[in-house]
């Protein structure tokens, strides 16, 4: 059995080195130059990415909704502080539920059907909130949104990575991470001018925009190969690469690798704990947990306080943050397939570490009355650096998750990573107030230490994956650990 697996892996690696057989995406065809050019970017790929960005923007809307609507919801429905706290936190409970089954549900139903179902949950959740007359319907809508957010966190990078070529996989996979921040800022800004019911109806727009494109976007070719629908796989690749493109070698590589997996491996949650998968799983779980323990939720919570202390209005501060997110995010999209995942991850974690330290230092100076005038500006600079660093690196662990694991265990790996990420994010959100009551300075220094640990983990354990097909990455990792 092991010999069969090794032979299959070596066959794939040998074929990658044969210029006459390898599907050459950079040159636009197979190595002999006799094929019609293959496009890295096509209309249908752009449409698929548009659906992903709508989903991500909607996730940001769900996260950012409760902050600008708190007082009006409590007043209109007569909610107590405890009842609104349930409403605000139940999004995390829904995300935990969604993250726990995200991998399995997308493996069982397929990527596209899962999008349809979750989009129904998304629109239904907002409508429940918009027309709620009682707290239970409000909470049910929020729970539905949390479920979609938790599932989409895994689904989107996996789907995008499975339909793109190796030359553009990185930049297309991280685009949704940028639009999450836009969604949060959109809720903050628009929520200042409209009622909470109107804001909920406006938030359905990303879901409604997906309805028509969902009829036209393709299923993942890797998932089609996994379930034995080979003819549909070839049709999808033609759709994604161009109708006249020669997709023979790419289709053969995908089918051969999936078949080799079936011959020596089984599906199941325990399969992911084999030695060959355990190290990348442990690395990614560590990266995701440390990223959350590095204070992402805390900075979102403290942003309004920092704006005021720096002498800025909330509107100016939000526009500044959104501008920073956009500029740095676009820069990251351009560089991720040129510099690679690992360098950007290291830059991101170093920036997060520095910004947390800078923010903690500002609180130390303020508490000690050493620099009362400069400490707010220091905190604001820390917030901007954190925002830019976070937007560069937040999508990289999920991109690596979609790249490092073969399709037979990707669902199990995704569920584990997503669930652990949701748990650690909830821990920070829940305990943050208690920590700041103890010491704001100490809290942000702890965040800085977690970011430093993430930098060390990334520097020592994260492999580079740019410029290789998914099958090449997974075959090389499997061979190196045998």
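The backbone N, Cα and C atoms fix where each Cβ goes, and this holds for glycine too.
Predicted, not measured: the structure shown is a model, and the values here were computed from it.
The transmembrane segment annotation in TrEMBL covers 44-65, 77-101, 113-131, 143-160, 172-190, 196-217, 281-302, 314-336, 343-365, 377-401, 413-432, 444-462. Look at TrEMBL and you will find 48-466 tagged as domain 'Major facilitator superfamily (MFS) profile'.
Through the fold, the transmembrane segment (44-65) approaches residues 91, 115, 118-119, 122, 125, 129, 145-146, 148-149, 152-153, 156, 159-160, 163-164, 172, 175-188, 191, 199-200, 203, 206-207, 209-210, 213-214, 216-218, 239-240, 300 of its own chain, all at least 6 residues removed from its boundaries and within a Cβ separation under 8 Å.
343-365 is the stretch from 77-101, 113-131, 343-365, 413-432 with the greatest number of Cβ pairs below 8 Å to the transmembrane segment (314-336). Remark: the transmembrane segment (172-190) contacts the transmembrane segment (377-401), by the rule of 3 or more CB pairs under 8 A. In summary, the transmembrane segment (343-365) does not lie against the transmembrane segment (77-101): fewer than three C-beta pairs, each 6 or more positions apart in sequence, are under 8 Å. When each of 77-101, 143-160, 196-217, 281-302, 377-401 is checked for Cβ pairs under 8 Å to the transmembrane segment (413-432), 281-302 comes out on top. When Cβ-Cβ distances under 8 Å to the transmembrane segment (377-401) are tallied for each of 77-101, 143-160, 281-302, the top count falls to 281-302.
The average pLDDT the prediction assigns to the domain 'Major facilitator superfamily (MFS) profile' (48-466) is 86. The transmembrane segment (143-160) is not in contact with the transmembrane segment (444-462), judged by fewer than 3 CB-CB distances under 8 Å for residue pairs 6 or more apart in sequence. Across the candidate stretches 77-101, 196-217, 281-302, 444-462, the maximum count of CB pairs under 8 A to the transmembrane segment (113-131) is reached by 196-217.
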